[in-house]
Structures are given as structure tokens and as C-alpha cells.
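What TrEMBL annotates here:
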SIGNAL    1-23  signal peptide
DOMAIN    33-145  domain 'C-type lectin'
TRANSMEM  161-185  transmembrane segment
Amino acid sequence: MPRAAPPGVLLPLLGLAVAAAAADCPSSTWVQFQDSCYIFLQEAIKVESIEDVRNQCTDHGADMISIHNEEENAFILDTLQKQWKGPDDILLGMFFDTDDDSFKWFDKSNMTFVKWSDQEDGKDLVDTCAFLHTKTGDWTKGNCEVSSVEGTLCKAANNHILISALVIASTVILTVLGAVVWFLFKRSLDSGFTTVFSAAPQSPYNDDCVLVVAEENEYDVQFD
């Protein structure tokens, strides 16, 4: 029995699922490096706290930038200089945790790499943020209470994009399987009705019974 093919209207959905799975970043305005996507929001905004800057990123499904090795640091510098034309200093997604007396990333990733300049720390690091100097690649410490920023650098792991693609693909596959099951079910029903109605009606008597009945009727007529 030939297999039922998925309806033609579902084929574009399959193509959409494949395209979604192949996509690395949400759009061409993002740039991919290793397993993350980056975007520089080239919009000057006034801020009251660093959370205002962070909200710029979270509104795009990302967080403020975190950097974990020299290669990533160099990639960001190169992209800022060649493609994004960013300002001299970019706020990093870092804050000073007074409970642990250490710097941490907002995106909760581990602090595996630092590139501080030869700047001496002050005695009080409360409300201290980190800045990336785009000319040298060094990090510097500064007050988080900035009044404005000339742009926000955001980063998102592309895991959520892969998950979205898998959800789309799963939905399409389930739709196709449902269509195939329905097609087979309908064909089974149609085949069953055809068998019932196409069969010739059968007499409850076989040929021998009919002959005996006929002879009995003839015998009764003679005696009448």
C-alpha cells in the first residue's frame, strides 16, 4: 500500500521550520560569534540607573554584554569599530556584589575572564560599573550613575532561537502526522463502505434448497 503524502499546503510549513532551524540569530541586525548573538542598539538614551540600560536589552530578549575570553573581547572591539561605530566607552553588563565583594555579570554567567586596565581600585566599589574602552579593549571601573548612554551593547545565547525552531518543527511534524492519520482513516472508511455496498446480495437458500422448494410447490399444485 503506498504511503500517504502530506498535503501540499503543509509543505511550505515544513520549509519554514527548516529555515527557522537553520537561522542563527533573530535578524540581520544581529551578529553571531560562537554560540551567541550580539546587537548594538545605536540609540542615545537618558538613564536614571543601569537598569534603564539593561531594559534596552531585555526588551530584545537579550541582556547586557558579558565577555568570557580574549577572542570574544577582540571580536566585540573589531565589530564595534568596523560595523557598529560605537562610542569610546561601552557599559558592560557587570555589577559589584557587595555581599560577595566581587564583580558579577547580570546574565548570571561565570566570571571566567577579566581585562582590567592598570587602574587602581578605590576603597569603596559600591555602585561601581565596568566599561569597555573600544580603542584599547581594556576594562575600566566607573560610577554606575551615568546620566545617558550613546548606545547599548546586548548579547543573547542563541539557545532560545534553537528552541523556537524546534517548537515550530515539532508543531509542523505533528500536523503532518495528524493529516496522514486522518487520510488513512478516511480511506479505510471509504474502503469499508465500498465493500459492503458493492457485494451482491446473497440469498439465505442455496441452489439445492430452491430446487426442493420448487418441486414441493409443483407437487401441491397437482393435488389441488
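Any Cβ shown, glycine's included, is placed from N, Cα and C.
Summarised as a single figure, the pLDDT of the domain 'C-type lectin' (33-145) averages 91. For the domain 'C-type lectin' (33-145), DSSP puts the residue distribution at 24 helix, 34 strand, 55 coil.
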